[in-house]
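Annotated features, as they stand in TrEMBL:
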type	residues	note
DOMAIN	160-282	domain 'Fatty acid hydroxylase'
TRANSMEM	12-34	transmembrane segment
TRANSMEM	59-84	transmembrane segment
TRANSMEM	114-136	transmembrane segment
TRANSMEM	151-171	transmembrane segment
TRANSMEM	222-243	transmembrane segment
Amino acid sequence: QGKKLSDALRISAYVFSTGLLMFTALVNSVSWFMQNIPLGNFWQTAWLEFYDYMEGDEWTIFLIGAALVPALAFWGFNGILLVADITGKPTFITRYRIQLGKNDPVDKKKLCKAIYTALGNQFFISFPMLVPMFYIMKWWDNTFSKELPTFQWFLVELSIFTVVEEILFYYTHRLGHHPVLYKHIHKKHHEWTAPIGVVSIYAHPIEHIVSNTLPVMTGPMIMGSHIVSISAWFSIALVITSISHCGYHLPLLPSPEFHDFHHLKFNQCYGVLGVLDFLHGTDRMFRQTKAFERHKVLLGLTPLSESIPEPPKKDE
């Protein structure tokens, strides 16, 4: 066990240091680019115009940034996916299905239930949770500043948000798989062994609070972030979790193989990034599968289910 821990720490240190160097190089180059083109002034001017148009009404600005914009991002992205799930078209999307033969087409009765639950979670849980968050952000006295954060600082915040979400989501999610909690709470989410995008927030209300919403909200509350940063982060988080659940391994998008495998096997791949799964050994089965080989960004047009197919079954 000591050797396994030592190996895990050594590999993690290597991955972290390499990632840190790459991130630093990316931040410096992107920051230089942003500072030497007029985009920075464009966004600053746009923000001031919006702030003046809203007459500095911080509550309305907060609702638009933290609720309306992320909701539009979520349903806009999932609206496209739902067309493919229901009609089986366009084939440009459906040919990239991960679990072949599943949701082809999706069960409409089951889908309606998922949509109603997702909307209920948003309107009756996520949005009310923004009320205490609003007062926490006002306490920081930076969220509604007329000066936008620099792009470089936003990248730093984005990194911190991601780490905080990974830690909180992994452990609350894994706790949800405890037999007692799973039976009464988390089992609802796992009704979908082959998930689709909207299922990302199809969950029991308690799970939606503890595992879906708080891990995403905590980072900005710790950092006292600007409302523009919060709006961008919430939108990114909702789109990324939709991609993780969408059931399609689409070109140029993050790989959903990791979380799709979790829905298929239940006891593997609890996190988002996979770092804590590696440290805790909760991805060992996944690493021995073809799904792990497919767990990468698809840079071509040939579906990975074709270039890296599942091995034939023994009875075939």
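Every residue, even glycine, has its Cβ placed from backbone N, Cα and C.
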Which sequence-distant residues neighbour the transmembrane segment (59-84)? Criterion: at least 6 residues beyond either end, Cβ under 8 Å. 50-51, 90, 93-94, 111, 122, 126-127, 130, 133-134, 137, 143-144, 196-198, 201, 227-228, 230-231, 234-235, 237-239, 242, 246, 248
Residues of the parent chain within Cβ reach of the transmembrane segment (114-136), under 8 Å, 6 or more residues beyond its termini: 58-59, 62-63, 66-67, 71, 192, 196, 198-199, 201-203, 205, 208-209, 212-213, 217, 220-221
If I take every residue in the domain 'Fatty acid hydroxylase' (160-282) and average their pLDDT values, what number comes out? 96
